[in-house]
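Chemist: According to TrEMBL, the protein has these features:
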- 15-37: transmembrane segment (TRANSMEM)
- 31-277: domain 'G-protein coupled receptors family 1 profile' (DOMAIN)
- 49-68: transmembrane segment (TRANSMEM)
- 88-110: transmembrane segment (TRANSMEM)
- 130-148: transmembrane segment (TRANSMEM)
- 195-215: transmembrane segment (TRANSMEM)
- 227-249: transmembrane segment (TRANSMEM)
- 261-279: transmembrane segment (TRANSMEM)
Amino acid sequence: EFILLGLSDTRELQVLLFTTFFLAYVMVLLGNLLIIVTVRTDPKLSSPMYFLLCNLFFIDICCTSVTSPRMLVDLLSQRKAIAFEECIAQLFFLHFVGASEMFLLTVMAYDRYTAICKPLRYTTIMSRRVCWVLVSACWAGGFLHSIVQTLLTVQLPFCGPNTIDSYFCDVPPVVQLACRDIYVTEWLMASNSGLISLVCFLVLVTSYTFILVTIRARFTEGHWKALSTCASHMMVVSLFFVPCIFIYLRPFSTFPSDKHICVICTVFSPVMNPLIYTLRNNEVKASMWKLWKRCR
C-alpha cells in the first residue's frame, strides 16, 4: 500500500479544505448534470457545439470523481493509506479522462474556428457523424495514452518507501518510489503526457489566433461577441493545460508545490467550465429557465 500525505497535516486546515472541496464537488456534479439535462431536453440546442459541450461536462464529472471523493475521505482520516491496486486504478482513470478532455478541448477549438472562420461550410464540416467520430477518437486517444502510462508504472518494482506527497496517485510521485533507476521510464512518460499537453495547447492557441485574425478583419458586433467568448474559453483552457504542462513536461522531480498546482486542474477547472461555457450563453440560460418552469 501507499501512504498519501495529503494537502495539509493541520486539523483545522483539513476541515476548511474539506468544506471547500466538498462544496466544489457538489457544484461540479449539480452544475454539469443540469447543463447536460438542459441540452438533451431542448431540441434548439442540437448544434455540434452543444453536443461537444455535453461530452466535456460528462468528462468533467468523471475527472473530478476520480480524485475528489478519495481526497474528501482522507481529509477526515488519520491514516491516509491506499492499496496498490486502488492507486493504479486511480492513476489509470485519471489519465484516461484527463487526456480525453485535452483532445476534446482541441476538437472544440476546431469547432469554434470552423463556425467563425468558415460559417457557410460549418454544418457540412461539423456534421453529426463527424462529431461522433471526433468524440470517439478523443476517448480512444485517452485510453491509449492511459494504458501506456499504466503499463510503464506497473512493471516497476516497489520495495522501498511508500509515502506519496500528494492527495492522489499520479505518475510522477508514484514512479519515484520504484526500487530501480527510472531515467528511461521518466522520459518515456514525459514524452507521452508532456507532449500531449503541449501539442494540444499549441493547437488551441493556433486555432484561437486564427479566430482573432478573422474577427479583426471583419469588425462586426457578432464577431466581437465571439471574441469575448473565445477569450473566456482560453482562460479556462489555460487553467487546465498550464498545470499539466508544468508537471508532466519535465523529469519527474516532485516539487512541494506540485500537489497544490494539481488542485487547479482537478478541482477548480471543472467548477469553472460550466460557468464560463454556459452562463455567458443566452440560449442555455433561456433553456434552463424553460426546464425550471416545466419541472415546477
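Numbers here mean position along the shown chain, with the first residue as 1.
Glycine residues also receive a Cβ, built from the backbone N, Cα and C atoms like all the rest.
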Chemist: Using a Cβ cut-off under 8 Å, which residues of the same chain at least 6 positions beyond either end of the transmembrane segment (227-249) come close to it?
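Modeler: That would be 98, 101-102, 105, 108-109, 112, 170-172, 189-190, 193-195, 197-198, 200-201, 204-205, 208, 211-212, 215, 258, 261-262, 264-265, 268-269, 272-273, 276-277, 280.
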Chemist: Counting only residues 6 or more past its boundaries, what in the same chain has a CB within less than 8 Å of a CB in the transmembrane segment (130-148)?
Modeler: 48, 51-52, 55, 92-93, 95-104, 107, 192-193, 196
Chemist: Between the stretches 49-68, 195-215, 261-279, which wins on the count of C-beta pairs under 8 angstroms to the transmembrane segment (15-37)?
Modeler: 49-68
Chemist: For the transmembrane segment (261-279), could you work out the same-chain residues 6 or more beyond its ends whose Cβ comes under 8 Å from its Cβ atoms?
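Modeler: Sequence-distant neighbours of the transmembrane segment (261-279): 7, 21, 24-25, 27-28, 31-32, 34-35, 53, 56-57, 60-61, 63-64, 67-68, 98, 166-168, 170, 232-233, 235-236, 239-240, 243-244, 246-247, 285.
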Chemist: What average pLDDT is reported by the model for the domain 'G-protein coupled receptors family 1 profile' (31-277)?
Modeler: 84
